[in-house]
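Student: For LEU111, ASN274, ARG368, the entry in TrEMBL reads substrate binding site. The heme binding site annotation in TrEMBL covers CYS427.
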Amino acid sequence: MLGTAFLLLNGLLILLLLFTFRTRKKNEPPLDLGFIPWLGHALEMRNDVTKFLARMKDKHGDIFTVRVAGLYVTVLLDPHSFDDVLNDNTNSFDSTHIRGQLLKQIFNLQLPGNYPTSERKWMEPHFQGLNLDRLKTSMNIHLTNVMLKSFESCSPSEWREEGLFELCYSFLFRAGYLTLFEMKDDVAAIYEEFRKFDNLLPKLARSSLKQEEKKMVATSQERLLELLSPKCLNGESEANSWQQSYVQFLQQQGIDVDMQKKAHLLQLWTTQCNAGPAAFWLLSFLLTHPEAMEAVKSEIRDLLSLQDTSLQRHHLNWVEGASTPVFDSILNETLRLTTSVSIRREVVQDKILRMANGKEYRLRRGDRVLLFPFLSPQMDPEIYEEPEMFKHDRFLNKDKTVKKEFFKDGKQLKDYILPWGAGKSICVGRKFAVTTIKQFVFLLLTHFDLELCNPDTKVPPFNQSRFGFGMLQPDGDLQVRFRLKRTQPEI
Ligand code: HEM
Ligand SMILES: *[C@@H]1O[C@H](CO)[C@@H](O)[C@H](O)[C@H]1NC(C)=O
Ligand SMILES: *[C@@H]1O[C@H](CO)[C@@H](O)[C@H](O)[C@H]1NC(C)=O
């Protein structure tokens, strides 16, 4: 008995030493273990990942390996060199294992090994071609209904006050939900539970929930699973909504009913958590930058003057297909400033990473690789002048054409923003998302008067805990007042 305990202890000690005494081998990236055994830099990284990575970049350059809670993570910050990770053709990197762990942790979801590939295959056509057109039209109708209906009982001159984040998130969630999912009656309840769940999601993913928060998340999750529960399909019915089609797909994959429900919650989150916050940031920048607001309004004015039938104008069909370089530039500038994805891979066999400058680094099997495009390219002062500033025409040339040439070290960048992730898991809904945000902003600006309650307010800061999870969210809100215009559309 004592002997076993002694052996175990010895084993643990040796393991601890092994982990603690990793040394940098020839041709490996600079290694930074941090002072705390095993944990390494985990705490600093959790508190403020951007600041931590910026500090390490100053110390070590564009590539380095840090210890984080027992893992060795090689951070790559040179956007010219992302390609060798994202489009690696030697099968040295894997993302499914990491993704699987995250889905288990957040959604308690466990899916078969080949599932991600088949889901992706099923998903892609739903956001392309005719299906995409159908989704856009449906979204357009739902947005118009949701927004205008909520004002039916108000007299035209009546101002309403609300937080802009709440406003954008609730309108886009409702319309988005009605477009993809079926149950129409419970949308208000679903939205409410969803927000509670979404608010705690980063903490859930990092296992840093407090006791009472754990209870809150569990309750919200349970309620959502109940509310989302797909109706049974009888054999004859055609799948005519996205959700029905998804149920059929899950059944074909042999996924049991319990996991089907959890998969629905995952899809609710991936499809609804980004567009609302994105619209919020975009409108915040417009409201606090009068020259940008005027530029968008002038673009819309020109588009409206080209339209003749008021029916068409009312339903926003004119937004689609119209060329809107000013809006597009503003959207990209917003995404540059407010999206922060972590692109993670596991190194599954030793790999020589070739950097754009010709240097080669050895990556060890079992380590992780992290790309963090928020730091570079998105906030890189070598690429963007005054990167922390919002400039509405940053992505426009002088002749109002799209600007796509951005440089670092004298070389043109292939990707100069990465709001949609990259590689195999890049956002499948990105075209739909762009149209949705455009429809929403144009509808809001042409049908409502919208202004800041206090003209001196600034755009709120980021909630630090959402770095690495995609779209950032504000810490606080921006109070606005708005009312229906007397005649619409008008600008
Ligand atoms: C501004 C809005 C949006 C942003 C910034 C965004 C961003 C992203 C990112 C970064 C990922 C990759 C996550 C990963 O690496 O695992 C992703 C995945 C995904 N997005 Fe979006 N997204 C947006 C809107 C939407 C919308 C409106 C939809 C659909 C209605 C959508 C559908 C999806 C789906 C289905 C995936 C999963 C793809 C996969 O697993 O292969 N997204 N999104
Ligand atoms: C916005 O960024 C995307 C890449 O995310 C690019 O394809 C598109 O051309 C950009 N549009 C503008 C107006 O810069
Ligand atoms: C910031 O995010 C954390 C964790 O996700 C959440 O608990 C907190 O309420 C958020 N803060 C605000 C002001 O929303």
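In case you wondered, yes, glycine gets a Cβ from its N, Cα and C as well.
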Student: Have a look at the binding-site residues (LEU111, CYS427) and report the one with the fewest Cβ neighbours inside 10 Å.
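Tutor: The binding-site residues LEU111, CYS427 were compared, and CYS427 has the fewest Cβ atoms within 10 Å.
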Student: Hey, what's the Cβ neighbour count for ASN274 (substrate binding site) at 10 Å?
Tutor: 25
Student: Sorry to bug you, but what's the C-alpha spacing from ARG368 (substrate binding site) to CYS427 (heme binding site), rounded to the closest Å?
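Tutor: Between the Cα atoms of CYS427 (heme binding site) and ARG368 (substrate binding site), the distance comes to 22 Å.
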Student: Work out the three-state DSSP category of ARG368 (substrate binding site).
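Tutor: Strand, per DSSP.
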Student: Which residues, sitting 6 or more apart from ARG368 (substrate binding site) on the same chain, put a CB under 8 Å from its CB?
Tutor: LEU71, TYR72, VAL73, THR74, ILE98, ARG344, ARG345, GLU346, VAL347
Student: Roughly how wide, in whole Å, is the group LEU111, ASN274, ARG368 that binds substrate, by largest Cα to Cα distance?
Tutor: 26
Student: Around ligand 1, within a Cβ distance of under 6 Å, which of the binding-site residues ASN274, ARG368, CYS427 show up?
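Tutor: Among the binding-site residues listed, those whose Cβ sits under 6 Å from ligand 1 are ASN274, CYS427.
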Student: Please classify the secondary structure at the residue listed as 'heme binding site' using three-state DSSP.
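Tutor: Reduced to three states, the DSSP call for the residue listed as 'heme binding site' is coil.
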